[in-house]
Every structure is written in structure tokens, then in C-alpha cells.
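Structure first, commentary second.
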Amino acid sequence: MGRFIFVSFGLLVVFLSLSGTGADCPSDWSSFKQYCYQIVKELKTWEDAEKFCSEQANDGHLVSIESYREAVFVAELLSENVKTTKYNVWIGLSVQNKGQQCSSEWSDGSSVSYENLVKPNPKKCFVLKKESEFRTWSNVYCEQKHIFMCKFLGSR
């Protein structure tokens with residue numbers, strides 16, 4: 001009886017310590033901090049990929065990368081799960097024309113506070129580069145088709 005209580009208490013402690021480590025995400029999604037992430041291995045244009053992500057979850061968008069730590073998490077998740085594809089991966093960054101000014105912003109509306117561009121050019125949408133093991137960004141034409149990653153704010 002004493003051993004049962006001890007083991008039960010130990011399992012409870014482990015469960016409680018793990019439950020605060022990330023977001024509560026659906027079973028086929030990965031979590032980092034308070035967000036949920038899903039790799040989608042379907043080829044879509046940037047616009048179609050963003051639409052797909054918005055249909056998967058409330059406030060779902062193509063992934064925004066807001067810090068170096070998040071960039072490392074995303075790159076490692078992609079490297080572990082995308083081994084054979086020759087395609088780059090859409091992220092939620094795009095160039096927006098606002099009147100006569102252009103600015104880059106994430107599809108979820110968050111500001112660009114972290115950047116890891118290969119070379120800026122006039123193309124409007126951004127991918128994570130397969131050749132860099134998904135650690136650098138490059139802008140490409142939005143009409144190209146790539147696989148992509150979705151992100152949404154999970155529940156705690």
C-alpha cells in the first residue's frame with residue numbers, strides 16, 4: 001500500500017511538472033512556449049497556405065518567428081520531420097505595400113522583431129531555406145508552391 005501511494009505521488013509530481021512546459025496542443029501539433037506548430041507537407045502557394053492555416057485553428061497563421069530561440073525550435077522541428085523534400089518551407093512573413101511604402105510583417109499581425117534573411121530582394125513572400133537546414137530566410141515569389149508550417153496560440 002505504501003509503495004502504491006509513493007508511486008502515485010511520484011507520477012503526480014511528474015505530470016504536474018510537465019503540464020506547465022508548453023501549450024496544450026492537438027495531438028498532431030508540437031508546442032513551444034504558449035504556441036502550437038504543425039508542419040504541412042502539401043504544396044501550396046503562400047496565400048493558399050495562409051488560408052489553410054487560418055482554417056486549422058482559431059487565430060491560426062503561417063508560422064511567425066519572433067526570437068532566436070523560436071527560430072532554433074522551428075529549424076530543429078523541420079529538420080527532424082522534413083528529410084527528403086527538395087522544397088523550402090513557407091513562413092508567415094511577406095512584404096506589404098501600404099500606399100507608397102513597403103514593409104515586412106507577419107501574417108498574424110505581429111511585428112518583425114527578429115530577422116534572419118539570406119539576401120533581401122523585391123520578391124514578396126518568405127521561406128525557410130532547406131539548404132541551410134531551415135535556419136535562414138529568403139524571399140521568393142508568392143505564387144511558388146512549397147510545404148509550410150502553421151502556428152496558433154494554444155491553451156494553457
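Every residue, even glycine, has its Cβ placed from backbone N, Cα and C.
Features reported for this protein in Swiss-Prot:
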- 1-23: signal peptide (SIGNAL)
- 24-151: domain 'C-type lectin' (DOMAIN)
- Cys25-Cys36: disulfide bond (DISULFID)
- Cys53-Cys150: disulfide bond (DISULFID)
- Cys125-Cys142: disulfide bond (DISULFID)
Residue from Cys25, Cys36, Cys125, Cys142 whose C-alpha is spatially nearest that of Cys150 (disulfide bond), among the disulfide-bonded residues: Cys36
List of residues, in chain order, with Cβ under 8 A from that of Cys36 (disulfide bond) and at least 6 apart: Ala23, Cys25, Pro26, Trp29, Ser30, Ala57, Lys151, Phe152, Leu153, Gly154
Neighbourhood of Cys53 (disulfide bond) by C-beta distance under 8 A, where only residues 6 or more apart in the same chain count: Val40, Gly60, His61, Leu62, Phe148, Cys150, Lys151, Phe152
Local confidence of the domain 'C-type lectin' (24-151) - pLDDT mean: 85
Which same-chain residues, if any, lie at least 6 apart from Cys125 (disulfide bond) yet have Cβ under 8 Å of it: Trp46, Trp90, Leu93, Ser94, Val95, Asn139, Val140, Tyr141, Cys142, Gln144
Tally of residues which DSSP labels helix, strand or coil - the domain 'C-type lectin' (24-151): 28 helix, 47 strand, 53 coil
